[in-house]
């Protein structure tokens, strides 16, 4: 339990550090290298377009991250403890989280990177957080590849060029041919690639469970759920204003997921 609580503190700090490092690299390395194009117009220069797109992806990723933390699931155990009525039988999807020490409705899993449980209240923000984190990481990787290609005069036309970049760069770094800053960017390329793929896979997995009307806890425990139309399952999680929530981080308003009780 001590290890889990320690991980619950280290993982959010790790995510925030990676986000800060990514922002610094974009601001002080990638964007200045794009301003050197004299043929581009000031309004539609690559630096302006790249900066606007990166800020959009980062703002949505961090905004939904904050909403996941703020909109933590309600503690049903505390509500039943303060109620004077006879406690009802909890729905099959409720679960007691040992890390958070509370009972949550439609518990899916505990996310250590947010330090919070994922349930009915913050599921949509969690999925959008995974989506935009994946896009921001993969986009940063593409920008980093362009930067390394220009600085080190490396061609990535060959399919295996990215796979052989790390071992080749390590040997050149110890021989003095590659600077420490460039080596750090190369290491970040692989980190962005790994985090981007992991978040994309997790986002797709969560969407598949939502289409089926299930949670990870229900799948793990073998709890049977009532068959419902997939569109209704999506609406309960994303609400009627799903398009606005896709563009701007916002609280999941207008859904019935927090009021749903499993049969």
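Any Cβ shown, glycine's included, is placed from N, Cα and C.
Per Swiss-Prot, the stretch carrying the note transmembrane segment among 147-167, 210-230, 231-251 is 147-167. Placement of residue 31 and residue 173 with respect to the membrane, taken from Swiss-Prot, is on opposing sides.
Long-range contacts of the topological domain 'Cytoplasmic' (1-9) within the same chain, counting only residues at least 6 positions beyond its ends with a Cβ under 8 Å from a Cβ of the stretch, are 98-99, 112, 115. Proximity of distant same-chain residues to the topological domain 'Cytoplasmic' (168-182), defined by a Cβ-Cβ separation under 8 Å and at least 6 residues beyond the stretch ends, is recorded for 29, 148, 151-152. In sequence order, 68, 117, 118, 126 are the residues near residue 111 (active site, S-palmitoyl cysteine intermediate), counting only same-chain partners six or more apart with C-beta under 8 A.
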